[in-house]
Structure formats: C-alpha cells, structure tokens
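Novice: Annotations per TrEMBL:
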DOMAIN    43-269  domain 'Radical SAM core'
BINDING   Cys57, Cys61, Cys64  [4Fe-4S] cluster binding site
BINDING   Ser134  (3R)-3-methyl-D-ornithine binding site
BINDING   Glu159, Arg181  S-adenosyl-L-methionine binding site
Amino acid sequence: MDILLVKETLTRDELSFLISLEGVERDYFLKSVGNKYIETLGKKVYFRGLVEFSNYCTKDCYYCGIRKSNNHSERYDIDDQAIIEAAIFAHENKYGSLVLQSGERSDTTFTSRITNLLKAIKEATNGELGITISLGEQSEEVYREWFEAGAHRYLLRIESSNKELYYKIHPEDEKHNFETRINCLKTLQKIGYQTGTGVMIGLPFQSYEQLADDLLFFKDMNIDMVGMGPFIEHTETPLYAHKDILWPLQRRFDVSLNMIAALRLLMPDINIAAATALQAIDPMGREKALRFGANVIMPNITPTLHRKDYTLYENKPCTDEGAEDCSNCLSIRVEMAGREIGYSEWGDSKHYVKRHGKSN
Ligand code: SF4
C-alpha cells in the first residue's frame, strides 16, 4: 500500500484496488491521503454558493427525479431578481464564488436570459464574485457567449465514462449522446473555462474497474475540477427498477470516499467538491470528504421555498434551511474537519492555473 501512496501515477488495477478497500487498510489509506493532501494543497476549503434556480428540464436521464417525464415533479423557475439577490448574499457572506445550476434547456429565451443574468450578477457584485455554471450541453457559440458574459467555470458531469453504462442510465438517442457530452467538455476547455466533470458511484451494473476508468478519464481529459458522489435512487425514475442489485447505501458512501482519496492521489492539484449526496447518507459525509481529499463545498443558497423541488435524488439534506442557517452550519462543519475557509477567494483550480499560467 505505501508504495501506491507515493507513485507518480496509478494504473487501472491499482486504482481498482484502492477504490475497493475496506476495514483497517481503508482507514490507513484515507488517513494517509488526508495528511499528504494538506502538505501539498494546504488546509483551505472554498465555498461556492449553490443556486438551483429552475427544475424544468428537456432531458430524460433514467436516474433523475426532475427528468422531463416525471409528471409528479413540482416545477419552478426562480425569477432573475431573486437569483441576483442570492448572488449578493453570497458576495456579502464572502463565499467568493457562485454556482448557477438548472435543468437543461437550450432554447434562445433561456440562453439569452443566462447571458443577461451573468452580466447582472457581475455588475451587482463589482465583478468580484466568481461564477461557475452547470447548465448542460450547449452549442460552442452559447458556451462562448456565457464565458464572455462572466462565467469562468463550467460543470458538466459525464456520470459514467463507460459508454455501455452511460446508455444504461440514459436513453440512447440524439438528446443523450455520449460523444456529444465528451465533445462539450472539450469545447469548454478550448474556450478557456475551468472545466469540471464527475460521475455517480454505486450505479446499478457498475464495477470497481469502471470506476477506476472514470478516474483515468478525468486525468486523460486534463479536467480541472471534479464533483462526484454516491448514486441515490429516486422512486419515480426508470432506474429504480434495478434497486435490488444496488450496493447498500453505506457501501456506496464508503466507495465514494475511496474514489475521492484515490483521485486526490492521481490528480493532486485539481479541485474536488464534497458532494451534497454524501450528506444524504451520512450526516458528516461532506466533512469526511474534506478530510480525505475534497477542497470545495457548496452551501445551498437557493431560496428555501423551492429547495425541496430540486430533487435529483430523494432524502436530499438541508432542503428546509435558509441560506444563513446553511452557511453557519457549514462553517462549523468545515472547522470540525480541521480545515480553514478561504473567505472571499475564488479558489481556482491550481491545475487550471498551472495549465494556463493564470486564473481567468
Ligand atoms: S440529470 Fe440533468 S439533464 Fe438529466 S434529467 Fe436531470 S436535470 Fe435533466
């Protein structure tokens, strides 16, 4: 094991071994990565205020509670003024950065609205608030327009880098095309975004080897940021039919932490988010992720009224807290994990800065 902790790079077999660890060996692995990562990256953790501003979606991913075909999902779309106020809240509370997320739409009413919103947020926060967006697959022209309007990071999760598995969790059609998704990631990089992706861990039919391949995919793609967490089934989705072959929730949680630690070894200078889904399984889930490799946390600052409706999975935590409660609770949690908050810092991915010679 010790030899794996100092290797320059790791093979598929070595990663599979680390991802599948259990018991005392696993404890040793996680603790060692935690210590090593403080030495290289320091103790700083960065806040990204998360605004899930709309759950209207034109797509039909088999695992997602807000998929187009789920008629039981209560749809909402927060008005621009409320989004700008949430951004001002993030700025005043020294979050440094904001994440705007919604279901996927690519009509011009939507894309132009986002362009104007980005400009308005930049203006309302003196250009000081960093903006990450997570708005799915778009044309190069739209990605470029949003970049020029002020967004500088983009999250587009691949969910699984294994094509066969991808089509077990998405319909195999033009709207859910595996190659398109990869091309979108490449386009985002070409434009100059700090580019993030991620996967779900513990999907039905998924193997340790496929998870190891996911980590190698992040490295091959030269990704700057990763957000990944346990798969949590939603009753009103097609994937729920496979609930009986899922790993127990605790195993999905444990393997998620193993994945974070293994990725930290493989890519020491990227940003890794402590996904909210971890907390849905273990109340201290995100803090544990911070101990073992994650360095970004995303307090939910979506106006509380709508938070319960953005349920990609069920039992999502913190859906009934106001933004201030969420922020206070997280500050304490970060300190409990032995980390420090980088207040008012964008917290750019060091990997990106190294590749580009500067932050954007
Ligand atoms: S995962 Fe994203 S794109 Fe897929 S249905 Fe859910 S919100 Fe839409």
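Cβ from N, Cα, C; glycine included.
Remember, predicted model here, so these are calculated numbers, not experimental data.
Mind mapping these onto the model and telling me what they sit next to?
Specialist: DSSP gives Cys61 ([4Fe-4S] cluster binding site) a coil state; it is part of no helix or strand. Long-range Cβ proximity for Cys61 ([4Fe-4S] cluster binding site), meaning a same-chain Cβ under 8 A and a gap of 6 or more residues, is found for Arg67, Glu159, Ile169, His170, His176.
Residues near Ser134 ((3R)-3-methyl-D-ornithine binding site) in space but far in sequence (CB under 8 A, at least 6 apart, same chain), listed by position: Val99, Leu100, Gln101, Tyr154, Leu155, Leu156. In the three-state DSSP classification, Ser134 ((3R)-3-methyl-D-ornithine binding site) falls within a strand.
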Novice: May I ask for the distance between Cys57 ([4Fe-4S] cluster binding site) and Arg181 (S-adenosyl-L-methionine binding site), taken between their Cα atoms and rounded to an integer number of Å?
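Specialist: Arg181 (S-adenosyl-L-methionine binding site) has its Cα 16 Å from the Cα of Cys57 ([4Fe-4S] cluster binding site).
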Novice: Tell me the coarse DSSP state (helix, strand, coil) of Glu159 (S-adenosyl-L-methionine binding site).
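Specialist: The residue in question, Glu159 (S-adenosyl-L-methionine binding site), is strand (DSSP, three-state).
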Novice: Check the binding-site residues Cys61, Cys64, Ser134, Glu159 for any whose Cβ is under 6 angstroms from an atom of ligand 1, and report them in sequence order.
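Specialist: With ligand 1 as the reference and 6 Å as the Cβ limit, the list reads Cys61, Cys64.
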Novice: Translate the DSSP assignment of Arg181 (S-adenosyl-L-methionine binding site) into the three-state scheme.
Specialist: helix
